[in-house]
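According to Swiss-Prot, the feature S-palmitoyl cysteine maps to Cys524, Cys1395. According to Swiss-Prot, the feature region 'Disordered R region' maps to 654-831. Annotated phosphoserine per Swiss-Prot: Ser670, Ser686, Ser700, Ser712, Ser737, Ser753, Ser768, Ser790, Ser795, Ser813, Ser1444, Ser1456 (among others), in sequence order. Annotation source Swiss-Prot lists ubiquitin cross-link at Lys688, citing similarity to another entry. Marked as N-linked glycosylation site by Swiss-Prot on the basis of sequence analysis: Asn894, Asn900. If you look up Swiss-Prot, you'll see Tyr1219, Gly1244, Arg1245, Thr1246, Gly1247, Ser1248, Gly1249, Lys1250, Ser1251 marked as ATP 2 binding site. Taken from Swiss-Prot, the feature region 'Disordered' covers 1451-1480. For 1470-1480, the entry in Swiss-Prot reads compositional bias 'Acidic residues'.
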Amino acid sequence: MQRSPLEKASVVSKLFFSWTRPILRKGYRQRLELSDIYQIPSADSADNLSEKLEREWDRELASKKNPKLINALRRCFFWRFMFYGIFLYLGEVTKAVQPLLLGRIIASYDPDNKEERSIAIYLGIGLCLLFIVRTLLLHPAIFGLHHIGMQMRIAMFSLIYKKTLKLSSRVLDKISIGQLVSLLSNNLNKFDEGLALAHFVWIAPLQVALLMGLIWELLQASAFCGLGFLIVLALFQAGLGRMMMKYRDQRAGKISERLVITSEMIENIQSVKAYCWEEAMEKMIENLRQTELKLTRKAAYVRYFNSSAFFFSGFFVVFLSVLPYALIKGIVLRKIFTTISFCIVLRMAVTRQFPWAVQTWYDSLGAINKIQDFLQKQEYKTLEYNLTTTEVVMENVTAFWEEGFGELFEKAKQNNNNRKTSNGDDSLFFSNFSLLGTPVLKDINFKIERGQLLAVAGSTGAGKTSLLMMIMGELEPSEGKIKHSGRISFCSQFSWIMPGTIKENIIFGVSYDEYRYRSVIKACQLEEDISKFAEKDNIVLGEGGITLSGGQRARISLARAVYKDADLYLLDSPFGYLDVLTEKEIFESCICKLMANKTRILVTSKMEHLKKADKILILHEGSSYFYGTFSELQNLRPDFSSKLMGCDSFDQFSAERRNSILTETLRRFSLEGDAPVSWTETKKQSFKQTGEFGEKRKNSILNPINSIRKFSIVPKTPLQMNGIEEDSDEPLERRLSLVPDSEQGEAILPHISVISTGPTLQARRRQSVLNLMTHSINQGQSIHRKTTASTRKVSLAPQANLTELDIYSRRLSQETGLEISEEINEEDLKECFFDDMESIPAVTTWNTYLRYITVHKSLIFVLIWCLVIFLAEVAASLVVLWLLGNTPLQDKGNSTHSRNNSYAVIITSTSSYYVFYIYVGVADTLLAMGFFRGLPLVHTLITVSKILHHKMLHSVLQAPMSTLNTLKAGGILNRFSKDIAILDDLLPLTIFDFIQLLLIVIGAIAVVAVLQPYIFVATVPVIVAFIMLRAYFLQTSQQLKQLESEGRSPIFTHLVTSLKGLWTLRAFGRQPYFETLFHKALNLHTANWFLYLSTLRWFQMRIEMIFVMFFIAVTFISILTTGEGEGRIGIILTLAMNIMSTLQWAVNSSIDVDSLMRSVSRVFKFIDMPTEGKPTKSTKPYKNGQLSKVMIIENSHVKKDDIWPSGGQMTVKDLSAKYTEGGNAILENISFSISPGQRVGLLGRTGSGKSTLLSALLRLLNTEGEIQIDGVSWDSITLQQWRKAFGVIPQKVFIFSGTFRKNLDPYEQWSDQEIWKVADEVGLRSVIEQFPGKLDFVLVDGGCVLSHGHKQLMCLARSVLSKAKILLLDEPSAHLDPVTYQIIRRTLKQAFADCTVILCEHRIEAMLECQQFLVIEENKVRQYDSIQKLLNERSLFRQAISPSDRVKLFPHRNSSKGKSQPQIAALKEETEEEVQDTRL
């Protein structure tokens, strides 16, 4: 960054903001970069501001029982705030004085006051000086208040972040990431620009009192008629505001539904295309959009009338003020024009300034109170440690994550045990964790000496992580004692990578020791990985380490923990993402050798680790199931250990699979069972349909108290994203950082908010910060958005001046129309993270405007209609001017004096009432035309938004995956949320305001030109100057806003990153370092924002200066060239004041339109995306309520045979595939043939291309070559018809928000009887029947109430309903329990007995059922043969599979000679037989 010119700027340069000229000049000539931005003044640095506020807040905490944050803010900023407030008041006072001078100038042209004609020139000078003084007072005052607001925001930003790092885990479990981000964005943003409004809470009443006194002098008691009307108008607008809020709240739910479906569609676009659901999803979203638009129109109409009421209230205010006085005493024109000027200022004070000031104080105090409550939350308390101790001891320790929930948990458990019925499923496999109670540890006792290894095992949710958290102090024990030295190192179950180099992530602030560093790198098997990078360990890792694989991230996290020299190492499942060989090597070299003399607590479910541990602690439901050595485990729990040991392949299973087996074993041999139970009996009981699970599931949904989730770290299924291989391990951070979780309202809420709507009961969950830290969220997590129309805070009144525009309307371009709730503004959340679609030109092109206007043909006619109405209004204005200036009337009190044609006095004789009738009639006509002129325009612009949304949705659904792969999900969702909200809410009224302001300016100039042609000559160069100044400023301002948006992203990214690694930060004591990084991010954003505010003030002040020069010219031209007659000079000066203030407003409004039109540009960019495959001849799947043929098949063979494919024979010739056009081939020359009904297994190492081949068969990639199914080539039929030939069970399960019926049959092709039949076949009937509404039960949140196994069965049911002849399965058994796995195997044998099956699977027992195997190595087919030939050790088969697969496939070669076959096979067969009599 460059050194700021502000530091050396003179007082004059600071006053006129001339120091910003270099950046404006550079931005106009070239594109600005971050290096061009000026450094911030030291007074604005986050370090200084946070230290200042933190000192005052600590003082407040120490001195009072009820500390108030506002007191700390007052001591920091109050006097500067009041200083600028006084300047603002003085500037407002000048606005009240100006009409007095205007009245004196008009009076000097009265024929009876010729003696005052000589002082008219001096009055004109005084009037011009008032404009100059107002300019010099208001702009520095407004900028100073904005500056103070910015400093307050920065200080509170830092205070909140520091507090976040200190919060206890219990508090973090109650606060969502959405609430935290909202606290930093939505609430604190109120201070930046709203602070200038705060002073009007006292300025406006003083101004009203002053104005009423001046108007009283002119009109006496009739002045209160106008004031009364303004008060009624304010109340009327408040009523409209409440009506608008009602429509907004109704509309919010509809927008939320649409965005939920849209976000799920975007996240699972590959599955949507694989299922051929594009048209079903489009129809579903468009139906929701139709309902939403009905409420959008109602809200827009109310906002329009609210805005129009202000526009046209000026006439009534003047008319009601003048009429009573005129009827009684008569009135001169001087009083009319003076009253007009007074009423303009009065109207702004009563209907705008004061209500907005009250609202600003209300919002600001509410935000301060929320922040104050947050700053007083319970903090993390480190346990009292004994630095001299060498052992780790726990004595009778009991703990709850929810304070005070112990008794509630026991009561809820007892209640549910009393309500057991016989209609449910007791299998724990389907829930993965208990749905009851809080995570709890009960009566834990153990003692480990220095240098010992304690292995902690247990089923999912048993309390293993909670145990480590209690040792770290994150979880406070409610009973018992904990003893250790306090020097702890920690490795989280889910690897956390901070932005920085690999070396920085491992050292993590600890002093560098070369020998220790190299030893750790070697022990953690990172040497080979680091050597592959050109920068070695100095390579910079992105957010969350997205450039690394899951295994690399896990090893770096482990290396970080090992590198720190500590007394106690807490390792929470560090091997989750490692293959068998790497895991074994790291355990031996690192855990057992390098750390041999250290005390270690290792959470693991691997039998090999239990054997080598000094002590073993097995947890079950929070209690100690066993504590002792491995030999004691074998002696005391022979059944437990023998069952695990009997599975020779147990150690080779994935962590999830081991957890599943361990869970079931623990259940069968729980301490609760007093009597011995045989294996067979226990197994049968475990699969018996008792109804306990069903009742628990219902209670967990229907009863919020029973739905307190159990804290457990549930490993996520590796995501398959955009056709990448199955272990691509799409990092969770990429989704969470872009789309923060939504949350309703208050800081502390129940864990589940339940919305029950009869049969369509919906259970919605949120993601707390603690969930974010543990990543224990549902895979199908969707984005809940509650979108509402933004309330127009600004009505662009033509009478308003520059200052009013600046204070009240600059926020226009930042208003969003998006909210999740009153607490969380979704637009603020979205703007917290930089949008990669912002790579559009800085200024909207004319082509965008032309395309926008021609989207809907009616828009052109509506614009013509607006022009016709405008011409009629100009004619009406000329009639009014004729009445005011050219009607010969007589004064009631001076009827004896003769007058010429320019008599300026109106009398109230009976004959003269007709003048008022004409005036009122013309004004009413003008008012009516004005009220309804913009209504067709607003209506049509909303229709344009509807059309653009439809086109964009269709374009995204039809776009090829190669295009969608290059876009972030958050960026796509921004178009459907942020940009569509702008098109719906902001753009229509902003365009209407701009057109109206522009036409008003043109009309007023035309009137003035008729009255005084010389003024028209002066107007032309002023308009040219405005246009040039706008173009000059716009280039720089848009770029600065872009840089500011980019600078905002690191702040919130750093917040999310810190929260994810908070336990690690605390364990390593790195909070100060991360506070420093946060302050750097704040300073970067401040530099951009401060420069934007400064350049904006430069622009506003230059506009004001041009206006002042113009008004000086108009004043002196009028005084010097106008003859006798008050009417002419009064009209000229009054219109001149309004012309220029309106022209300023029009210029600024055009900038707002340009800014909002960037959203239109982004929408057009999506509409112009390429379309995949051949266009279909029929794009409407529904006709007259019935499903029509979606695709017209062009192949003659298919036309003759309605049932295609009939056999399922597939021939692949020279198939090659690429992710993007021009990219590297990821599959090369793949050729093979499959006979009808044959099963083919795909084998190969991770990353060899197995899942990619399945995507290529579905034509989801850029492919070359030929594929034929039953003799029909894929080039001869349409794309969707080709995909309908396949049934798909993807690795990433897709459950969208909707009913069971919609999820199974989105096109509504099948009857309920057929759906229930398929549900019976796949074992889903009992699952569906336990929910209210059954098939009509609404699934939300990615089907959060279903287990992963249930979701896989849903996918299986879809394939059965599709009646496809070719089935593609991509890891269907990943993370499945044995029961669901056996159901899928059974269904495949029965329902797909005659189908061709292509299976990508890691479970060997499933692969052995295939007749042929396709071995893929290095993106090519290495072998395609039967299993008998592949078993030959000299074949390429053994080279193509991983070592772990080799162990599974050849168990007899890897076991001892006397060892029998794995008992897991027997278990599999017994389970399969049992399943025949068990419905799930």
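Residue numbers in this text run from 1 along the chain shown.
Placed from the backbone N, Cα and C atoms, the Cβ positions cover glycine too.
Note that this is a predicted model, so its numbers are computed, not measured.
In the three-state DSSP scheme, Gly1249 (ATP 2 binding site) falls into the coil class. With a 10 A radius on its CB, Cys1395 (S-palmitoyl cysteine) counts 21 other CB atoms from all the protein chains. Per Cα geometry, Ser1251 is the residue among the recorded positions Cys524, Tyr1219, Gly1249, Ser1251 nearest to Cys1395 (S-palmitoyl cysteine).
In this structure, Tyr1219 is the one among the recorded positions Cys524, Tyr1219, Gly1249, Ser1251 with the smallest number of other Cβ atoms inside 10 Å of its Cβ.
When the Cα atoms are compared, Cys524 (S-palmitoyl cysteine) and Gly1249 (ATP 2 binding site) turn out to be 28 Å apart.
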